[in-house]
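Over in TrEMBL, the protein carries these features:
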{"type": "TRANSMEM", "residues": "25-48", "note": "transmembrane segment"}
{"type": "DOMAIN", "residues": "41-290", "note": "domain 'G-protein coupled receptors family 1 profile'"}
{"type": "TRANSMEM", "residues": "60-82", "note": "transmembrane segment"}
{"type": "TRANSMEM", "residues": "102-120", "note": "transmembrane segment"}
{"type": "TRANSMEM", "residues": "140-162", "note": "transmembrane segment"}
{"type": "TRANSMEM", "residues": "205-226", "note": "transmembrane segment"}
{"type": "TRANSMEM", "residues": "238-261", "note": "transmembrane segment"}
{"type": "TRANSMEM", "residues": "273-292", "note": "transmembrane segment"}
Amino acid sequence: MEKVNQSLFRDFLLQGFSDLEEFRMYLFVLFLTIYLFTIIGNSVIILVVRFNATLHTPMYFFITILSFLELWYVSTTVPKLLSILVTNDKRISFRWCFVQLYMFHSLGITECSMLAVMAFDRCMAIYNPLRYNTIMTGRVCKLLVLFSWSYGFLVAIMPLTLTVRVPYCGSHDLKHYFCDLAPLMSIACGDITPINTANQSVSTVATFFILMFVIVMYLIIIYSIIKIKTNKGRSKAFSTCSSHLVVVVLFYSTAFIVYVVPKQARSVEHDKIYALIYTMLTPLLNPIIYSLRNKDVKEAMKRSIHKIQERIKGI
């Protein structure tokens, strides 16, 4: 195919859910509802933890960071998708496409790191409870968060640098609802094997090895829970980790399939379905899992609601 002069190449077209054109407004209502609940739910988690001193512990500190991360993560892709569904204007500029690509991968890799940090935190709490407070100090928690964000935003530079320099062919249709590596590479010209190999390596490091670390942490946790003598102690230890494990399985399994498993093993439509899980479903479920399954958070929410009611009565 003929190469496009990138100085004239101003826009990509995000085809997204073009094959479901007759359901466009239904999809808009569905995705808008998910987006609003995600924003509200994660914001509530942040505020409840912030204004309840009983929740000022490392575990809840990491939960608020994860919720803050989810606010940005879901806002990287969903607003543009909603705009396309309403206006049917599928254009995204060359520049903003790569801004979206970088932000999406930066925040995604940061989330991988944060889930690993949270697994380490739970491991320390259950495996070594007597030394937990001396290990997971405020300074250590902040350094772990700083490392996660720095790691995510630095690692994502390589795929961006490689992809932005690729010449693109005549078609500028991206068969996705946001700018991602696979749809961009599908319209690239020339031999892109070295670029695909490099991107695959980054994806493997960013997901596979961190996933292995998380698995090791949970093996230690399971071993520690089995050693607990009382049923009540085992039940309490398991309940504190089960919610985190649900989030880990949802996020890592879909991200691993899309970015580590070879492209030939799945279709474009499957990629979009998997993407919906880790870009929309996981951010939506986080506040539900961490609040509805957590007694401390539910009690703190009740106290916060009671305080608000008392202030309203006093006006």
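Placed from the backbone N, Cα and C atoms, the Cβ positions cover glycine too.
Owing to the predicted nature of the structure, the values given are computational and were not obtained by experimental measurement.
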Cβ pairs under 8 Å between the transmembrane segment (25-48) and the transmembrane segment (273-292), at least three: yes
Which of 102-120, 140-162, 205-226, 238-261, 273-292 shares the most C-beta pairs under 8 angstroms with the transmembrane segment (60-82)? 102-120
Surrounding residues of the transmembrane segment (273-292) on its own chain - C-beta under 8 Å, 6+ positions past either end: 31, 34-35, 37-38, 41-42, 44-45, 48, 63, 66-67, 70, 73-74, 77-78, 104, 108, 176-178, 180, 243, 246-247, 250-251, 254-255, 257-258, 266, 298, 301
Go through the chain and flag residues at least 6 beyond the ends of the transmembrane segment (205-226) whose CB is under 8 A from any CB in it; none is fine as an answer. 108-109, 112-113, 115-116, 119-120, 122-123, 126-127, 155, 234, 237-238, 241, 245, 248, 252, 255-256, 259-260
Are there residues at least six beyond either end of the transmembrane segment (102-120) with Cβ under 8 Å to its Cβ atoms? List them, or say none. 59, 62-63, 65-66, 69-70, 72-73, 76-77, 144-145, 147-149, 151-153, 155-157, 159-160, 178-181, 206-207, 210-211, 213-214, 217-218, 221, 244, 247-248, 251-252, 255, 278-279
Spatial neighbours of the transmembrane segment (140-162) far in sequence, C-beta under 8 Å, 6+ residues away: 58, 61-62, 65, 98, 101-102, 105-114, 116-117, 120, 181, 195, 198-199, 202, 205-206
